[in-house]
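Participant: First the structure, which I've put down as structure tokens, then a few questions once you've had a look.
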Amino acid sequence: MDRGEVKVAVMSDEEVTAGIQSMVRQSPAPFRPLVVLEFAVGAKQSAIEWMISKLQGSEATGGAELEVSAVVMTYKQQTVLYIGAKNTRLLSAADMTSLCKVYKDNHYREFTIEDMANFKGIEDVDSFLTTAEKQKLILHEMEAVRASDEEGHIPGYDKIKLWTGKSILKKYLSREIITKMYPLHEPEEIKKLGADWYQLKRVFKEQPIDDIRHYFGEKIALYFAFLGYYTIALIPPAFIGIIYFITSWQSMYREAIFAVFNLIWATIFLEVWKRYCSELSYRWGTIDMVSSKYDEPRANYYGTLGENPVTGKPEPVFPKWKRNFRFYCVTVPIVSVALGIAFYIMLGYFIMQEWADKKYASEKSWVNFSVLYLPTVIYAVLIGIVNAIYRKVAKKLNDWENHRLQSAYDNHLIVKLILFDFVNCFISLFYVAFYIQDMALLRSHLAALLITQQLIGQVQEAMVPFLFLKRRKKQVDEVLKKQNALQKKEYFNGEIAEDVQRQAGMESEMEEYNGTMDDYLEMFLQFGYVFLFSSAFPLAALWALINNVTEIRSDAFKMVKVFQRPFAESAASIGAWQVAFELISIMAVMTNCALIGMNPEVRKLLPSDVTAVNIVLIFVAVEHIILAIKVAVAYLIPDQPKWVEIELAKTAYQSKLALQEKHIHRTSQDKEKIDAVLKEKSQ
């Protein structure tokens, strides 16, 4: 049968498999490694062989049914596995995971084997799935291999116990039996993407967001889209800030006008971003992604092996009361202690600053002038160090809470990080603004924190990776020279080409990409610095804009040249970060109204007999008016463009018609069967 004329009706599992296999046989492809697993030096042979058997084993026996080729490097006793998969296996996994692909009507739909003939590009099975999708599916199948009741420990490691229903691969990784796992880059594709993305000649050009999505997945593409959108949104407040800086206009309305503009502008930016995000997610087929009780649990989720009450599929079960107990009785107290530590570090900073001020006042020399700003620099560095330590603690706590869904896990981690970083980074600003009530000190302190943290971030993210990149290349060359006497032990489908081994050796030395969490957190803090106290430091937006222009390209450089390729992840939005940014914009109304209300020039406008209580009520009323304007702006800007709403409605209508047609077809078949039975009985 010609592949371009594939017609698949409702079939049994055996017929579906046979159909795919007949299609694949017409386009035979050699073993192509897509994912690499590196075992620890000296890992027990029985553990390695058990993992290989699990990866190669059939689905019926609890295996992943993948292709595996192993290379044993005798000079350092390390085994490296190269993982691939047949097209039949990948298409089956795409069906099971509801992967969205372009249908014949040019809309994205969940891929099904029954209806695969109607998906665009199925004629060329090898290229129907992108490399990123293939790697994502392979990861899913590897993580889906879970321990049974009889498998109590890892062979060769009697002390490493296995939870029933826990991902075996995740256990290998957490106990460092497997030290590295990464999908391989596509050399030509990544080279082309880099040329269109981070080179200097493209600094002021639009990012290739669709290409980023194609190569890295929707989650990373949405991060870079948001970073680019936010950077553009900083241009108007930065421009006004420059005008304020170079002009001599002084008025009590000056800060008020700028603050009100920023507060309304932040709302417009966040609402317009939601519209743009919905356009992207619709175009990429992820707009209908909604987590629910029938979603698969994440790979690290563990518990007694039970059954999903909705789908009936076997999965780990962990009591909700245990998770709540861990959160309220352990996590909350530890986070509270961390917040207390951040508060005392802030007090220590002000004690140091007071000492520096006195020292400069006693002798106004250049040395003492530099000492004057030393406490702020030290405090900014301490904030970074404490944040880094807390992030590790927060992740450990989040892992221990054992959330079932990846979305719940991410949201809880985001809340932990935001809460601490907000207190750690902004508590000193609130202290200066509303306790000391020194606007000059607030302005200098805000500028020092913002600029210092951005400079440290740029050095860490751009300069250090660039300096170490060439050194890594030399290290890889030295390692590969030692592999001349490799003893290869092939478990499946032939040898691994030397250029592939060289590529894997190079990528093994690259840094692992830890996701977008830290990048979003950095933007969240910067957003707070710019908008929470915008009336005090109008140039904050300019510094943020300059930082972000370089941030986009430095992050792009790292993704292409420094980091191992991450596994692609689907996403319909930036998730809980949208809510976090909106909360900051609401808090900014309160802080800026309070700052303006404390301005002596503003208070002179009020009658002299107005009491303190009435002053508070006046500015609370002003605050509510601004909040009402923000709500009105958010309401007037729909979250989705009209054309997206129409297309979604069309898709829902077409799905309804398809279900009706299927129901009519089944009813017709049932009537024919009934008539046949009745005719047989009558005879």
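The first residue you see is number 1, and the count goes up from there.
Quick reminder: no glycine exception, Cβ is built from N, Cα and C everywhere.
Among the features that TrEMBL reports, domain 'Anoctamin transmembrane' is placed at 212-650. Here TrEMBL flags 220-246, 252-273, 327-351, 371-390, 413-436, 523-546, 567-590, 610-637 as transmembrane segment.
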Participant: Compare 413-436, 523-546, 567-590 by their Cβ pairs under 8 Å to the transmembrane segment (252-273) and return the stretch that comes out on top.
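Facilitator: That would be 523-546.
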Participant: Sequence gap of 6 or more, Cβ distance under 8 Å, 3 or more pairs: do the transmembrane segment (413-436) and the transmembrane segment (220-246) meet that?
Facilitator: no
Participant: Please work out whether the transmembrane segment (567-590) lies in contact with the transmembrane segment (371-390), by counting C-beta pairs under 8 angstroms that are 6 or more apart in sequence and asking whether there are at least 3.
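Facilitator: When sequence-distant Cβ pairs are counted, the transmembrane segment (371-390) does not touch the transmembrane segment (567-590), since fewer than 3 lie under 8 Å.
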Participant: Does the transmembrane segment (371-390) reach the transmembrane segment (523-546) with at least 3 CB pairs under 8 A, where each pair is 6 or more residues apart?
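Facilitator: Between the transmembrane segment (371-390) and the transmembrane segment (523-546), contact is absent.
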Participant: Any residues 6+ beyond the ends of the transmembrane segment (610-637) with a Cβ under 8 Å from its own?
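Facilitator: Those are 260, 263-264, 267-268, 270-272, 275, 585-586, 589-590, 593-594, 596-597, 603, in sequence order.
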